[in-house]
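Peer 1: Submitted below is the structure of interest, expressed as structure tokens.
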């Protein structure tokens, strides 16, 4: 009986003990503070009750804000020589520290916020100095990222498409290497308030497999500082330089090879018979007109610049060779017809000599007429140049050299035709050799010498 009462007492004490412990835990749980919701935390961090003012930069009246920039290139293309600009799609990332946004109340080390929160914080006033046109991307939502870290670091990323100016030097076109720049500058804050700098690692990144239609984007990229001095102060500026080497495959197929074939086609005229005037003239005029059209087409996609380009020299020399081939036939035709002119000249000369000889003979045979022979003057003396007579008492004493035998018209014709054919034979070798020498100098200068000068710059 005694042991039963003792057991009941022990059980009662145990129940009371656990009941009191449970009630204390419940009371402690009710009295513990509730965890802060994300909305309450953001209101406390940057809301109206936080005292945060987005109009005031971090470290106001203190050291300047250092903004680290990084660019990721999604696409690079639409390089236009006529307007001298290029189009690029990038992720622009900016990082800076805002001590007012540091927190300890929230468990996460970083917060990825909605883009609408960007209006609630201070942001750098970055703009692209050489920008000609730009737009944001809003499909399917605003392509913007805002991330705040526990220590107050802010990451702001945005996707934009830019059309940037790119002054080009086209002297070596289409074997040129262009350098296009991208300048990032502060619009309103001077260097006393804001400083841009490139990220130490991977400041400019390029998407894998990025290719350009006519250019090769070189891996080395120059990152520079370009501080701007204006009347309103000294402003921070950084720039990236992209080196673009043109691939001339398109121009080789569309311009160089066709013009080369036209020049070679004009040389066929040297193998056509010189008597086939319609064929040779038609071929010459056709090649000249075709070369002129080809030259005009090469300039259609290029700006009107004051200097001479490599393609201009090529087209001008090709046109010169084609035109020279046409002039060569004019020379051949002229030389081949010279025997007719010479025969016509001889006939005229004989026609003028005959009346004079008849006159002298009549004077010598007629009675009572003055005889020049008595004074040693005959027709030969009268025909002497400048009226000077031959000395001697008697004309018979004067010895005249025998006249050179004149060639027959057929021999003269063959002589001049041989001269014309010789011009054709020389042209068959001379024109290709001259064009080959020009090609050697042209390609050596523009592919080796000029390229080394560009790389040295």
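The backbone N, Cα and C atoms fix where each Cβ goes, and this holds for glycine too.
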Peer 1: Out of 137, 243, which is the one Swiss-Prot records at the Zn(2+) site of 220, 222?
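Peer 2: Matched candidate out of 137, 243, per Swiss-Prot for Zn(2+) with 220, 222: 243.
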Peer 1: Could you tell me whether Swiss-Prot assigns residue 308 and residue 447 to the same side of the membrane?
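Peer 2: Domain labels match for residue 308 and residue 447 in Swiss-Prot.
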Peer 1: If Swiss-Prot is the reference, give me the range from 185-206, 251-272, 339-360 marked as transmembrane segment.
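Peer 2: Per Swiss-Prot, the stretch marked transmembrane segment is 251-272.
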Peer 1: Among the residue ranges 163-183, 310-330, 373-393, I'd like the one that Swiss-Prot describes as transmembrane segment.
Peer 2: 310-330
Peer 1: Here are some residues: 66, 371. Which is flagged as N-linked glycosylation site in Swiss-Prot?
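Peer 2: Record annotation (Swiss-Prot, N-linked glycosylation site): 66.
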Peer 1: If one measures from the C-alpha of residue 166 (disulfide bond) to the C-alpha of residue 237 (disulfide bond), what distance in angstrom results, rounded to a whole number?
Peer 2: 17
Peer 1: For the disulfide-bonded residues listed here (180, 226), tell me which residue's CB has the most neighbouring CB atoms inside 10 Å.
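Peer 2: Sorting the candidates by Cβ neighbours within 10 Å, the top entry is 180.
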Peer 1: Which of 251-272, 278-298, 310-330 shares the most C-beta pairs under 8 angstroms with the transmembrane segment (426-446)?
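Peer 2: Comparing 251-272, 278-298, 310-330: 310-330 has the most Cβ pairs near the transmembrane segment (426-446).
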Peer 1: Mind looking up the mean pLDDT for the topological domain 'Extracellular' (29-250) in the predicted model?
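Peer 2: Here the mean pLDDT over the topological domain 'Extracellular' (29-250) amounts to 91.
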Peer 1: Taking DSSP as the reference, which of helix, strand or coil describes residue 237 (disulfide bond)?
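Peer 2: DSSP call for residue 237 (disulfide bond): strand.
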